[in-house]
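Remarks on the structure that follows.
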Amino acid sequence: GYVSFRNSVGLLQLKQVFRSQLSVSSVSDQDACRAGLQPVSRWKAYGLNGYPGFIFIQNPFLPGCQRHWVKQCLKLYTQKPNVCNLDLHMAPEKTADLWGQSKEKLRRKGSSKCEPRSLLEKLRWVTLGYHYNWDTKKYSANHHTPFPSDLAFLSEQVAAACGFRGFQAQAGILNYYHFDSSLGIHVDESELDHSRPLLSFSFGQSSIFLLGGLKREEAPTAMFMHSGDIMVMSGFSRLLYHAVPRVLPNPEGTALPSCLDQALSTDLPVGSVIEHSSDEDWQVCAKYLQSSRINMTIRQVLAEGQKFPEESGTNTESQISSEDSHHQENSRAKRHKPNMDS
C-alpha cells in the first residue's frame with residue numbers, strides 16, 4: 001500500500017508515519033510569509049520509520065503562492081543563461097524564449113492528441129546555478145550562472161525550518177513531467193557536501209514517489225506527492241535511492257488541484273519574493289499543468305569554504321569540454337527516457 005500523509009492517522013497505527021518536529025524558532029512568521037509560506041508552527045511535517053532524516057511537508061504554501069513558482073519554472077527560469085534539454089539539439093536563438101513561442105499554442109490547445117507539441121511541452125529539465133553535467137554526473141566551477149534569488153530565499157526558509165540553518169541554494173534541477181513521464185531509480189550523490197539536505201518541491205498533477213534504500217535492490221516505500229508538497233532528504237536519507245514511476249491525475253478529479261485555484265492575497269508583505277501573476281500568464285500555466293507536474297530539486301553543492309577539486313587542463317580547455325559534454329548529454333537523455341532527469 002501507499003503511504004498517504006493526508007490520512008496519516010490510519011497509518012500511525014502501522015507505526016510507519018510520525019509527526020516530525022520542526023525548528024519553529026528558526027524562521028520568523030514574516031520570513032515564511034515573504035517566501036509565500038504559512039508560519040512554520042502550522043506546517044504538517046511527517047517522518048517515516050526506518051528513514052531517519054526524511055521529512056515530508058504537506059503543502060505549506062499560502063493561498064495563491066504556488067502559482068508564482070509554476071510561472072517562474074515556465075516563464076523565467078527557462079530563460080538564458082540557464083540550461084535546458086532543448087539547448088542541446090537546437091540553435092541558441094530557437095530556445096531563447098520558450099514561453100513566448102509556446103504561450104499561444106498552449107492557450108488554444110484542445111484535447112486532440114495529434115496537435116504538434118509546443119516547445120514548453122518538449123521541455124524536460126532546466127538546470128540552475130552550478131549546472132549539472134548529465135554525462136560526467138558532476139558539477140564544475142566553470143559551468144555556473146547566478147542562482148535565482150527568490151528560489152534561494154524559499155529554499156533557505158524551508159531548510160532552516162527543518163533544522164539546517166545557513167543552507168545555500170547553489171544548484172537546482174527543474175524536472176517537467178507529463179502523464180507518460182517517469183524518472184528512473186537513482187541516487188543524488190554528485191554534490192560535494194552530503195551533510196546539507198536535498199529539497200524537493202512538487203507542483204501540478206500528483207505522482208507516486210518511491211523511496212528506497214542505500215542499495216538499488218532494497219524494496220522501496222511508495223507514497224503520493226501532491227501539488228505544494230515538499231520533501232527533504234537529509235542525514236541517512238540524503239543518499240537513498242528513489243524514483244518517480246508514475247504521474248497521476250490529481251485525486252480530486254478536477255483538471256487542477258484546488259490549491260492552485262486559490263487567488264493570491266492582494267497585499268503582499270514588504271520584501272516578499274512572491275509576485276502577482278497576470279491572468280493571462282496564469283491561463284497559460286494552468287493549461288500546461290492540466291497534464292503536467294513540475295518538480296524543483298534544490299541542492300547545496302559545496303560546504304562553506306569548500307572548492308571544487310582542480311580540473312585537469314587549462315580553464316579554457318575544461319570550459320570547452322564541459323560545453324561539448326553538455327551537447328552530448330541531451331542525445332543521451334533522449335535515448336534513456338526514464339533517466340532524462342537526474
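The backbone N, Cα and C atoms fix where each Cβ goes, glycine too.
Note that this is a predicted model, so its numbers are computed, not measured.
Listed features, source TrEMBL:
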{"type": "DOMAIN", "residues": "165-302", "note": "domain 'Fe2OG dioxygenase'"}
{"type": "BINDING", "residues": "H186, D188, H242", "note": "Fe cation binding site"}
{"type": "REGION", "residues": "305-342", "note": "region 'Disordered'"}
{"type": "COMPBIAS", "residues": "312-322", "note": "compositional bias 'Polar residues'"}
{"type": "COMPBIAS", "residues": "323-342", "note": "compositional bias 'Basic and acidic residues'"}
Across all chains shown, how many C-beta atoms besides its own are within 10 angstroms of the C-beta of D188 (Fe cation binding site)?
19
Counting each residue once, how many in the domain 'Fe2OG dioxygenase' (165-302) are helix, strand and coil under DSSP?
19 helix, 49 strand, 70 coil
Look at the binding-site residues H186, H242 and tell me which residue has the greatest number of other C-beta atoms within 10 angstroms of its C-beta.
H242
